[in-house]
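Annotated domain 'Cytidylate kinase' per TrEMBL: 4-231, in sequence order. If you look up TrEMBL, you'll see Gly8, Pro9, Ala10, Ala11, Ala12, Gly13, Lys14, Gly15, Thr16 marked as ATP binding site.
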Amino acid sequence: MNIITIDGPAAAGKGTIALSLSHLINFYYFNTGNIFRYIAKTIIDEGLMYEFLINKNHFNLNKINQNVVFLKEIPDLVEKSILIDEKLLRTQEISDSSSIIAEIPQVREILNKAMRKFIYDMLGSNKVVGCIVDGRDTGSVLFPNAGCKIFITAERSVRTQRRFEQIRSTFTEDFQEEIKKKRVHDSLVLRDSRDGSRKRDPMIIVKDTIVIDTSKISQEETIEQILAIIRIKLPDLSKDYRKTVNFI
Ligand SMILES: Nc1ncnc2c1ncn2[C@@H]1O[C@H](COP(=O)(O)OP(=O)(O)OP(=O)(O)O)[C@@H](O)[C@H]1O
Ligand SMILES: Nc1ccn([C@@H]2O[C@H](COP(=O)(O)O)[C@@H](O)[C@H]2O)c(=O)n1
């Protein structure tokens, strides 16, 4: 199956690498984390986060139905999360909240179904050669039959530094929160812990996955390594793309 999954902990570089790679091999790129972030933003915007926190396992998802038609129009939800300005989803508050929301089995069930359908429809439409999907459980749960599974990681201190610099450089003053490295670090620790220990679909490395530690290598080197893996894992694709300079 022409699906490449890239999983890994927060700020490991999944999104950056997946996006560059998608341009190089002409795959559609889908960031599953943005879906969880979009739900978190909606719950926060509706003023329901407190209620969600104190009532986590019994939170009535229909409560946010009025504005996002959460349960009725799931495909719409995926579309909406794609269309939204990504900067709005990248605040510290949303990062933290999304991993809390992602612990709820009902949320995962609904979103997994919608995301799978979206990607299969995309592949079935023949508009794209393949899809790159990144997240935490894309190789283990979402697309266990993916042709190529990568797990990108990096030491926590490296990830903290990368995220800190990313926030500082990306956000305009309007979105700028008071950024403290300790806050960024603490948030990563918490998210890693929640994502790795939740009962439903935790972040794990399944056996047919190739792990790349990017702590000491550049983005370019990481991409080179992944292209080499793709050549082996998706040989038919490399045949189709023999003429594509970057892929040979
Ligand atoms: N060798 C590297 N590989 C990947 N990203 C790197 C590397 N060096 C620096 N970065 C930077 O690290 C930052 C974090 O990357 P990115 O946002 O892609 O992480 P992520 O794993 O998708 O995070 P999250 O899961 O929290 O969304 C980016 O600013 C990226 O440019
Ligand atoms: N497949 C996924 C993707 C994401 N999550 C949760 O969403 C949070 C935000 O994701 P980012 O990739 O944008 O950082 C993340 O911390 C996870 O809790 C998930 O559970 N499964």
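Just so you know, the numbers here start at 1 and follow the chain as drawn.
Note that Cβ sites are derived from N, Cα and C of the backbone, with glycine treated the same way.
Counting every protein chain shown, 25 other Cβ atoms lie within 10 Å of the Cβ of Gly8 (ATP binding site).
When the neighbouring Cβ atoms lying within 10 Å are counted for each of the binding-site residues (Ala10, Ala12), the highest count belongs to Ala12. Counting every protein chain shown, the number of other Cβ atoms lying within 10 Å of the Cβ of Thr16 (ATP binding site) is 18. When pLDDT is averaged over the domain 'Cytidylate kinase' (4-231), the result is 87. Using the Cβ center of Gly8, Pro9, Ala10, Ala11, Ala12, Gly13, Lys14, Gly15, Thr16 for ATP, the list of other same-chain residues with Cβ within 8 Å runs, in sequence order, Ile17, Asp134, Ile152, Ala154, Arg159. A Cβ distance below 6 Å to any atom of ligand 2 is met, among the binding-site residues Gly8, Ala10, Ala12, Thr16, by Ala10. Remark: Lys14 (ATP binding site) has Ile6, Asp7, Gly8, Asp134, Gly135, Ile152 as non-local neighbours, by Cβ distance under 8 Å and separation of at least 6 in sequence.
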